[in-house]
Amino acid sequence: MSTHEDVLSSENLPHEPEKATLEGKNKFLGFWFFLGGETVLFASLFGTYLALRNSFGNAEGTPTQELFGLELVFIMTVILLTSSLTSVYAMYHMKNHDFKKMMVWLAITVILGASFLGLEVYEFNHYVHEYGHTFTSHAFGSAFYALVGFHGAHVAFGLCWILALMFRNAKRGLNLYNAPKFYIASLYWHFIDVVWVFIFTVVYLMGKVG
Amino acid sequence: MSTATLEKRGFGATLWDYLTTVDHKKIAILYLLGGAFFFLLGGLEAMLIRLQLMVPDNELIGAQFYNEVMTMHGTTMIFLAAMPLIFAFMNAVVPLQIGARDVAFPFLNSLGFWLFLFGGVLLNCSWFLGGAPDAGWTGYAPLSIWSPTHGVDFYAVGLQISGFGTLMGGINFIVTIVNMRAPGMTYMRMPLFTWTAFVASILILFAFPALTIGLFLMTFDRLFGANFFVPDMGGNEIIWEHIFWIFGHPEVYILVLPAFGIFSEIISTFSKKRLFGYSSMVFATVLIAFLGFMVWAHHMFTVGMGPIANSIFAIATMAIAVPTGIKIFNWLLTMWGGNIRMTTPMLWAAGFIPTFTIGGMTGVMVAVAAADFQYHDTYFVVAHFHYVIVGGVVFGLIAATHYWWPIMFGKVLDEKLGKWTFWTFFIGFHLTFFIQHFLGLIGMPRRYWKFLPGQDLETGNFISTIGALLMAVGTIILLYNVIKTTVKGEMCSQDPWDGRTLEWSIPNPTPHYNFKQLPLVRGLDPVWIEKTQGNGKVIPAEPVNDIHMPNNSFLPFMISLGLFIAGFGFIYRPDTSFGYVLIAIGLIITFGSMLIRSLKDDTGHHIHKEDLEKEGAGVE
């Protein structure tokens with residue numbers, strides 16, 4: 001039986017510190033289920049987007065073929081997918097109890113995530129000012145910003161989350177209490193990467209050729 | 001004992017205890033109080049509807065107010081009464097039935113309750129702020145988009161907040177049941193209420209996010225100038241109907257499956273028999289849940305989806321009758337040859353079976369797409385869903401109130417008054433709704449403010465209103481029973497019904513750690529097994545040891561309060577820039593509290609072995 005002190009100690013960590021306590025196991029399983037719910041959330045948004053894509057009614061608007069440019073979106077995709085890889089490295093070092101290397105890789109993940117977000121802001125700004133493609137201009141605009149914006153908000157939340165964990169634990173190292181927290185934050189990060197793969201395919205690729 | 005010290009505390013200390021509690025038993029009581037309050041409110045709204053429709057061409061309440069009352073009756077009953085009451089019993093009973101000391105996420109459990117409460121209060125604030133929502137509980141576009149008052153905004157934001165709470169509750173119970181069962185409690189030894197709570201939680205997980213998105217889209221359209229449901233701007237109103245029913249149909253099963261679980265427990269206990277066909281009951285529960293996701297469009301037969309789509313959804317809907325039929329026959333065969341005791345909970349169970357069967361039969365009738373064009377939007381549909389929701393869910397909740405009152409409050413509700421409640425409510429219910437089938441068949445549309453004389457609708461509506469009054473009498477008797485038992489009732493034994501499942505093995509009142517030693521489960525109905533094959537005591541699976549318990553926290557209240565404040569900000573932002581101030585304050589409170597939760601270590605506390613031994617020997 002573990003006591004408070006054991007949970008917060010960095011000594012003698014087991015092989016998989018993220019799943020060594022009941023709290024950790026609960027967090028791990030609960031978070032997977034939460035991601036199941038998130039999948040339905042994004043599925044509803046994808047469905048709405050597909051129904052309203054290029055749907056302008058009586059309003060003026062630019063169709064997807066002219067609106068999207070694949071170059072920037074491709075760079076964004078590479079950046080976000082790479083950040084998924086770096087978060088895997090971070091978790092690899094966590095399982096080997098190497099706190100410092102984990103923090104380094106998490107920092108790289110955060111930098112990549114932030115650059116993705118910066119490019120997305122640039123992209124939205126470009127659509128609004130060059131094409132007048134806004135949230136309120138027509139149903140397509142509403143559906144586009146709802147879907148891609150929801151994803152962007154998830155990225156922003158993930159960045160804040162990982163940064164909060166890094167600052168909070170910077171001075172005390174890995175333990176059984178914070179290992180599950182790091183682990184589910186990385187699960188979340190993978191999830192928003194997977195959602196982006198679908199956005200890249202359904203919104204941008206299908207928008208360009210469909 | 002621990003409760004003795006509790007009673008000596010002042011009112012302030014008790015209030016603070018409940019505001020910060022993470023104990024599933026206290027959260028259950030909070031859910032019960034909150035749900036009961038909204039149930040009475042929704043009942044009051046129902047009475048207004050029936051009084052308005054008592055006589056033709058009535059002017060008791062105005063048309064606009066009628067629309068608000070009718071909308072809020074449905075919304076309140078589904079989201080703010082039935083859901084929290086289901087959660088009340090899941091919280092009170094599931095951890096005890098699986099032999100756990102708490103739920104997997106006690107903090108989230110408390111957060112779920114406060115989000116529900118603040119969401120419900122926000123929604124009902126609309127009554128005092130220019131009018132309640134008036135677009136029906138389904139909030140169909142374009143009616144909901146063009147509704148001029150802030151009512152529908154309150155609907156979208158209030159349900160959004162309480163919906164978050166429900167989603168958290170669902171995840172919490174899934175993980176609790178997967179990870180925290182006592183030694184020996186395999187899946188196929190779980191009591192049926194736990195099984196149905198488990199399956200309903202999975203339904204919550206996959207159904208509620210659709211509602212979340214639907215409400216977001218509605219909010220965006222109404223408050224942020226988006227065009228999802230505005231055809232002029234390329235929008236499509238049918239999207240709302242699909243998203244709403246993708247949530248809405250599983251919601252029906254989220255409500256009724258736990259009620260099925262409740263009746264399975266009650267019928268087995270009071271027939272003194274193992275539940276007939278336990279495995280087929282589990283199978284039927286899972287199958288109903290699976291099919292429940294494939295039938296949403298049967299609410300939309302008249303939308304014009306075409307004969308192929310209508311046929312597919314019609315057949316999928318009818319298929320649900322098969323697992324439901326399996327359940328009905330299993331209950332009957334459990335009673336068959338049993339040693340039946342007609343206590344109040346058993347009376348409700350016996351009343352439930354024919355009532356729900358009628359509701360199921362009319363369900364198959366409305367599932368016939370071609371015939372549904374005739375039934376759609378008439379009182380036939382109103383009668384149908386009240387037979388399943390009242391006859392299934394409300395009967396189940398009242399039965400559970402009587403059955404598990406000893407677990408929650410340590411006393412047995414008065415049996416004589418309980419039977420009075422049953423007969424008045426049961427007769428009142430059938431009087432109200434049976435006649436509505438025929439009102440619907442001769443063409444009375446639902447949701448109409450008044451009907452005209454000379455169309456053969458007078459007698460039916462009058463009878464219906466009399467029945468509703470009788471249901472109100474039944475509810476008042478139940479309330480009186482609760483008050484009387486609380487004031488005058490005596491503490492009962494730990495097992496007043498001669499129960500079969502683990503919750504009846506715990507001393508009365510339940511210690512806050514539930515099980516001093518985790519129990520060893522030797523089969524289905526573990527307490528019954530020990531009564532018949534052992535010495536009547538459940539065998540402990542571990543020596544007396546330190547028990548790890550979670551700490552209380554005020555943060556769930558603060559997180560929910562922040563969203564409540566921000567909700568007003570979002571609603572009034574288009575009118576006044578003060579809205580932005582409210583949004584800022586609210587979100588700072590919410591995200592600030594979340595940040596504190598994330599940054600502050602909370603590893604819980606231990607109850608020490610020595611203190612446990614002082615309270616009595618390890619084995620009861």
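Note: Cβ is positioned from N, Cα and C throughout, glycine not excepted.
No curator has checked TrEMBL annotations; they are predicted automatically.
Per TrEMBL, the features are as follows:
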DOMAIN    B:10-522  domain 'Cytochrome oxidase subunit I profile'
TRANSMEM  B:28-49  transmembrane segment
TRANSMEM  B:69-94  transmembrane segment
TRANSMEM  B:106-129  transmembrane segment
TRANSMEM  B:154-180  transmembrane segment
TRANSMEM  B:192-218  transmembrane segment
TRANSMEM  B:238-263  transmembrane segment
TRANSMEM  B:308-333  transmembrane segment
TRANSMEM  B:345-371  transmembrane segment
TRANSMEM  B:383-405  transmembrane segment
TRANSMEM  B:417-442  transmembrane segment
TRANSMEM  B:462-483  transmembrane segment
TRANSMEM  B:578-596  transmembrane segment
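Sequence-distant contacts of the transmembrane segment (B:28-49) (same chain, at least 6 residues past either end, Cβ-Cβ under 8 Å): 18, 21, 60-61, 66, 69-70, 72-73, 76-77, 80-85, 87-92, 113, 116-117, 120, 124, 408, 468-469, 471-472, 475.
In this chain, the transmembrane segment (B:417-442) does not touch the transmembrane segment (B:192-218); fewer than three CB pairs sit within less than 8 A of each other, excluding pairs fewer than 6 residues apart. Counting C-beta pairs under 8 angstroms (sequence separation of 6 or more), the transmembrane segment (B:238-263) reaches the transmembrane segment (B:69-94) with 3 or more such pairs. Sequence-distant contacts of the transmembrane segment (B:308-333) (same chain, six or more residues past either end, CB-CB distance under 8 Å): 260, 263-264, 267, 275-277, 280-281, 283-285, 287-288, 291-292, 294-298, 301, 349, 353, 356-357, 360, 363-364, 367-369.
Per-stretch counts of Cβ pairs under 8 Å to the transmembrane segment (B:106-129) identify B:154-180 as the leading one among B:69-94, B:154-180, B:578-596.
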